[in-house]
Every structure is written in structure tokens, then in C-alpha cells.
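S.K.: From TrEMBL, for reference:
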TRANSMEM  39-58  transmembrane segment
TRANSMEM  65-83  transmembrane segment
TRANSMEM  112-132  transmembrane segment
TRANSMEM  170-189  transmembrane segment
TRANSMEM  201-223  transmembrane segment
TRANSMEM  250-270  transmembrane segment
REGION    287-311  region 'Disordered'
């Protein structure tokens with residue numbers, strides 16, 4: 001009986017220890033993913049916002065619209081290199097939300113991703129503000145404005161062109177983000193034509209560059225709630241004030257909500273038009289075997305021919 005009691009006690013202790021280790025592992029996993037996602041987003045945003053600051057404060061002497069596209073595209077690539085194998089380097093709340101909806105990310109991790117993305121983008125805005133502080137004040141004469149010929153709030157967050165209505169702007173962000181998620185789904189689809197292993201960062205960076213040069217002029221192609229909201233909050237605190245939320249007929253909510261709609265739309269389109277129609281693994285294996293047999297058939301015929309016929 002004593003031996004049985006000792007064994008039971010040992011079993012209880014072992015079970016308690018395993019539960020503690022499990023909890024520690026879960027906490028560590030969230031911390032590890034969160035830190036990687038924050039740093040990935042921070043790096044992407046430093047390069048992206050820095051390219052905008054250089055163009056605006058340099059009055060075109062240190063780049064132009066293409067420079068901004070390149071800055072964000074290459075910034076995304078570098079961010080993916082930093083956190084791609086740890087958190088997936090979403091760097092975009094619309095991407096994280098879509099991945100949860102399609103079962104590729106647990107819902108319990110969504111708040112971690114969004115919070116860390118916002119922290120990364122907020123800190124990046126602070127970094128660029130500090131780095132270009134003198135240039136910004138020299139450019140605008142110390143008058144921090146959201147609109148007008150010397151506006152500087154657009155360095156950090158996106159604002160609509162003067163001709164753009166809210167409904168058209170909403171559609172602009174839905175389509176831009178839909179194209180992003182549609183192509184991301186294709187680039188990661190191992191049963192279609194995915195990006196070669198190791199080349200995913202540059203492929204996604206080129207995708208962001210492509211969206212910028214084709215769909216970016218209406219409102220700066222935020223296509224990312226995390227990219228827009230964090231820096232907008234920073235500018236409200238840093239001196240631009242509540243006008244950052246009032247400008248463009250209250251534009252601020254469009255790049256927050258529309259990308260969520262667009263991300264789900266684009267991912268759904270790819271799934272309905274392509275992914276759902278992939279053959280089953282057995283059918284795929286049978287197709288490969290049939291192709292191999294067809295390729296080998298001419299060789300088998302040659303083997304069966306007599307030497308006289310081959311001459």
C-alpha cells in the first residue's frame with residue numbers, strides 16, 4: 001500500500017509538473033511570437049515611413065513616389081527575413097485576421113498579433129519622427145498640419161486624395177487588400193506554384209511594390225490596419241492633434257476596416273477559384289505516376305525494337 005501511495009503521489013507530482021511546463025511553454029510561445037512580430041513590423045515601418053519622410057522633407061530631391069513603393073516593398077522583405085520562421089511575419093492585422101478565419105492561425109493568437117503589430121508600427125513612427133525631427137520642422141516651419149501645401153501628417157499615416165469620396169476610398173482599400181491576400185494565398189499554396197523555398201520574402205516584397213505602383217495613388221495603399229492606425233495615434237500625440245482623425249471626412253476608420261473586408265474577400269476568391277479544386281493527394285499521386293509512364297513509354301518502345309530497326 002505504501003508503494004502504491006508513493007507511486008500515486010509521484011504520478012500527481014509528475015502531472016502537476018507537466019501542466020506547469022505546458023503553461024510556461026504556451027507563455028513563452030506567445031512571447032516569442034509577439035516579439036518577432038513586433039520587430040518585423042517595426043523594421044518594415046522604419047524603412048517604409050523613412051522613405052516617405054525623405055521624399056516629403058526633401059521636396060523631391062531625395063526620391064519620388066517610386067521611392068516610397070520601393071521602401072515599403074523592400075521593408076516588407078526585410079521584415080519577413082526577421083520574423084518569417086517565428087511568427088510568419090504577418091505585419092498586417094488583415095493578414096492575421098484572414099489566417100484565423102481560414103484556420104491557419106488560432107483565434108487566441110489574434111490579439112497577440114494585432115497588439116504587437118500596433119506596438120511595432122507605433123515605435124517605428126516615433127523613430128522616424130526623432131530621426132527626421134529637424135527636417136520636418138525645417139520643411140513646415142514648425143507648423144504641424146494634416147492638410148495643405150506643407151502637410152506632414154501624411155509621412156506617417158495615409159490620407160485620401162482630395163477627389164476621393166469615402167465609398168470610393170473604402171472600395172480602393174478593399175480591392176488593394178484583396179489583391180494582396182489573393183496573391184499571398186497563391187505564393188504559399190504548396191499544391192500550386194508557390195514561391196521557391198527561401199525566396200518568399202522577396203516575392204512578397206515585390207507583391208507589395210506591385211500593389212503600390214498600380215493601386216496606390218488614391219489613398220497611399222495602406223492595405224493594413226496595423227500600418228495605419230499605430231502611426232496615426234502617434235501623430236495625434238506628437239503634435240498634429242485630433243485633426244488626424246477628422247481629416248478626409250473622418251477617413252481614419254477606412255484603412256482600419258476596409259482591409260479586413262478586403263483580406264477575407266481576396267483569400268476567399270483564391271480558395272473558391274483555385275484551392276478547392278486541387279485534386280486529392282491520391283489523385284495527384286496518380287497524375288504524377290501517369291505522367292511518368294507517358295514519359296517512359298518512348299524509351300520502353302526503343303528497348304523493344306530490334307537492333308536492325310534501330311539502325
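Quick reminder: no glycine exception, Cβ is built from N, Cα and C everywhere.
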S.K.: Under 8 angstroms for C-beta pairs, at least 3 of them, ignoring pairs fewer than 6 apart in sequence. Is the transmembrane segment (170-189) in contact with the transmembrane segment (201-223) by that rule?
M.R.: yes
S.K.: Determine which recorded stretch among 39-58, 65-83, 112-132, 250-270 has the most C-beta pairs below 8 angstroms with the transmembrane segment (201-223).
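M.R.: Stretch with maximum Cβ contacts: 65-83.
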